[in-house]
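Undergrad: Attaching a single structure in structure tokens format; questions to follow.
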Amino acid sequence: MSCLHRRPKRTKSEEQAFQEHMRQVALENGKRLGLEGDPDLQFLLAGVTLVKIRSHSWKKNRFFKLQEDCKTFWHETQKPFRRNKTFTIDDIDAVRKGRQSEGLNKHTDPSVEDQCFAIIFKGRKRNLDLMAANEAEARQWVDGVEKIINNMRNLSHQQKSEHWIINCMRKADKNDDNKMTLKELKHFLRHINVEVDDTYAEEIFKKCDTSNSGSLEGDEIRHFYDLLTQREEVDVIYGNCAKTEGQMSARDVLGFLLNEQRQQASMEDALRLIEKYEVDETAKQQNRMTKDGFMMYLQHEDGSILNPAHKEVYQDMSQPLNNYYISSSHNTYLMEDQLKGPSSTEAYIKALMKSCRCVELDCWDGANGEPVIYHGYTLTSKVLFRDVIKAIKDYAFKTSEYPVILSLENHCTVEQQKLMAHYLISILGDALVTKPLGDTMPSNFPSPEELKGKFLIKGKRLNKLDAAFNNNSTIEEDTVSEEDEAADSENGQKAKPKKSKIKLATVLSDIVIYCKSVHFHGFEHAKENQDFYEMSSFKESKAFNLADTSGTAYIHHNMDKLSRIYPAGSRTDSSNYNPVPMWNVGCQIVALNFQTPSKEMHINQGRFLPNGFCGYILKPEFQRSLSSQFNPNTLTKGPWLQRKTFHIMVISAQQLPKLNKDKQKSIVDPLVRIEIFGVPADNARFNPMWNEKFEFDIHVPELAMVRFLVEDYDSTSQNDLIGQYCLPLTSVQNGYRHVPLLTKRGDVICSAGLFVHLMVIDAE
């Protein structure tokens, strides 16, 4: 029979000493976050009782407290034999003040609006809906958590690394005595994925235990930390460049930028980096960079693989809307699969906060005369159309100010369509485009710049757009064919009419301005008969076939019209298709299932990472010029053919997390893959060895995407994904660079990354 081993109960003096020690730990961590003495942080550390809300009847008091690491929240549970729960700052996607979640909106009264707040978690973890005793406590909770999140995000890579390692040390300190025994040292090394034999562990321990006390404390732990975080590869690079009394002068820094980083740089640029990153004031006054300053430079945005100039909106945003790739979601309302999963306003919020600029609304008649959104003919749950429009209004422009397209799949009766139009007009207000911009009938699209903060409706329209200028708004309701996607019978779902017609309300028809849905009857027919604002939707099989057989024609079609691509109905698991071939032929609205973490979504996130992550990317010139004969499948000579050679060497990895909790005693064995996605001739994949140089030939760099994938290799089972990162080749910086890593769901893994050397140069 086994027994539980509990920590011996502390004496009163030991408990007082322990509490003082933990108070110092909290102060130290608060200082590291730049929140020393902050009243909101102190409020969280003290803890408070909150009401946890699950339903009208399920409302329980729970004590919540921020732990001394200033990163982990603890809260009690009243279930027998269940441990109290914890979650960390890294788990939180957002904190919303007020009744801004479905649960709070449904299960609380408007009178307690100011007392409510919701913690929204990353991934599919259920929201935490909470109510404080009063408005002041709710505000302190929200303000405190947001301060920690923002300050954590603003830490440098080096500060995040230090924070992570120190917290790992705390966890290894099993008896909380602020000392580290040899046993605890071994546990700590295993926790941070450092594999050493017992002899070497003892050697490090003895080297640091200068007091011969049998444990490390104070400066001894600091010495151990310095030994652990020493980056030999950076030492070598710095040693080769530091030619001025063991340090880098401004001229040395300039030489490094020109020769190693292959940047166009001046002496002013070198001095700017010294001023920005050097931590030693004496060296800074002498216009020199120490090794610590050099490390700071490498680990900040100037040393990142992503060109820092591309983190802001840098492209021309004044071109017609059809000249851009537009970040787009399919069946946006779904949180999970396409057959029985939940529909939620939360799914719209998550997509919009990822800068999605085209969302889909499948509209059906609901009870009590209220239109609802759900996946028709399935068991997916329903959400009110009105609630979705309110959520879209509230969150559409939080991360991007550029226009949002609402793609309507309309299956409602005329009466409920009229209510849909009422909600769109009354809730969205002046932000809804209800007539063409300007005083004359347009001949092409307005630009994203002209449409800032605006909503466009995509759907069926009863008449031509010029009717808006002829005061011809008295047209009667009439029947129109069902939306293309709804009529798609190749779906693996319940049987439904292959094609059907619905009666369309005039008031809903009239607010469809720049995105009128029409059936596609061929490129020649579209050229002769379709106006610029008339667009077609293509299921993936048809779109891929057209891209393969009529690539140039497809590109020309997309030079003055919009195309929307959507996943096959057979993807009932909400899987995704590869968006790259669709971008290769200039399709703008390439709709994916945003709720599904996958390689395809990683590529999509990478495509829209530059240009300020605004959801719009300007297409290459050869996809916009009518004289272009570009075809991604044949690659005839033209301005698109700009052959480059992409040289890369993976040097090291830092702070890779162990994600598989079933392998506690194992060490992460990182396997790195590098993939290129672009035109067929450029697609490639490579598994490099550490410090091995290799190269890719790239024919059309403006369409090429680079993806880094890091897995925990296992010879006996499937590899575990550790992290990934994807970006356009045109946004890659040359030289020695750090590559951040993201989770499968696209969230940043604090402190983890790769260190690489790469070069994109003209091919010989």
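Using N, Cα and C of the backbone, Cβ positions are placed for all residues, glycine too.
Since we're looking at a predicted model, the values are computed, not measured.
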Undergrad: Pick from 434-454, 476-496: which range does TrEMBL record as region 'Disordered'?
TA: 476-496
Undergrad: For Ca(2+) 5, what surrounds Asp712, Tyr713, Asp714 with a Cβ no more than 8 Å from their Cβ centroid?
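TA: Other same-chain residues with Cβ inside the cutoff are Val668, Asp669, Leu671, Glu711, Ser715, Asn719, Asp720.
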Undergrad: Give me the Cα-Cα distance between Asp669 (Ca(2+) 4 binding site) and Lys60 (substrate binding site), rounded to a whole Å.
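TA: Given the Cα positions, Asp669 (Ca(2+) 4 binding site) is 44 Å from Lys60 (substrate binding site).
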Undergrad: Given the recorded positions His56, His330, which one is most crowded in terms of C-beta atoms within 10 angstroms?
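TA: When each Cβ's neighbours within 10 Å are tallied, His330 tops the list.
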Undergrad: If you measure His56 (substrate binding site) to His375 (active site) at Cα, how many Å is it?
TA: 27
Undergrad: I'm trying to understand the geometry here, so how far is the Cα atom of Tyr713 (Ca(2+) 5 binding site) from the Cα atom of Ile667 (Ca(2+) 4 binding site), in Å to the nearest whole number?
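TA: If we compare the Cα positions of Tyr713 (Ca(2+) 5 binding site) and Ile667 (Ca(2+) 4 binding site), the gap is 10 Å.
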Undergrad: Show which residues of the chain containing His375 (active site), separated from it by at least 6 in sequence, have their CB under 8 Å from its CB.
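TA: Set apart from His375 (active site) by at least 6 residues yet with Cβ under 8 Å, we have Asn331, Tyr333, Leu334, Gln338, Leu339, Ser343, Asp362.
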Undergrad: Quick one: mean pLDDT on the domain 'PI-PLC Y-box' (508-624)?
TA: 96
Undergrad: Report, in whole Å, the straight Cα-to-Cα distance of Ile667 (Ca(2+) 4 binding site) from Glu76 (substrate binding site).
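TA: Cα of Glu76 (substrate binding site) to Cα of Ile667 (Ca(2+) 4 binding site) measures 32 Å after rounding.
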